[in-house]
Amino acid sequence: MRILWIVAVCLIGVEGNLFQFAKMINGKLGAFSVWNYISYGCYCGWGGQGTPKDATDRCCFVHDCCYGRVRGCNPKLAIYAYSFKKGNIVCGKNNGCLRDICECDRVAANCFHQNQNTYNKNYKFLSSSRCRQTSEQC
């Protein structure tokens, strides 16, 4: 019960893009799927280093690179327009950086969906000591 309360408090404080990204992931993969990607491999979650462990981890690497190219707003906080149409994520009428962030998130959510078969439970909560190789360039 205490853990549920902590999770609820954390989610109440989540605004903007990261919450929208989570909703995209859940929309493509099913309710609560986002929890599978919060700390996975070397790149899913905060930060990232080393070589992606599999195609799922590479989705996060590419997403990190995409966020790194966004200029003009904070990708983790900005709120953009999007919707689901027939199971597809459609970015709305966003301008500039909001459009770019939405596209980063849309591509990553689709990538997770397309690479579900590579998901390896052994990479969930992977120790950072297993991600010490030289990081790839974006």
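Using N, Cα and C of the backbone, Cβ positions are placed for all residues, glycine too.
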Besides TYR43, GLY45, GLY47, which of ASP54, ASP64 does Swiss-Prot list for that Ca(2+) site?
ASP64
Regarding the disulphide bond with CYS66, report which of CYS10, CYS104, CYS111, CYS131 Swiss-Prot records as its partner.
CYS104
Consult Swiss-Prot and report which candidate among CYS42, CYS44 shares a disulfide bond with CYS131.
CYS42
Can you tell me which of the binding-site residues TYR43, GLY45, ASP64 is spatially closest to CYS138 (disulfide bond)? Compare CA atoms only.
ASP64
Can you check what DSSP calls TYR43 (Ca(2+) binding site), collapsed to helix, strand or coil?
coil
At the level of the C-alpha atoms, what whole-angstrom distance separates CYS97 (disulfide bond) and CYS111 (disulfide bond)?
21
Taking the Cβ of GLY45 (Ca(2+) binding site) as the centre, how many other Cβ atoms fall within a 10 Å radius?
14
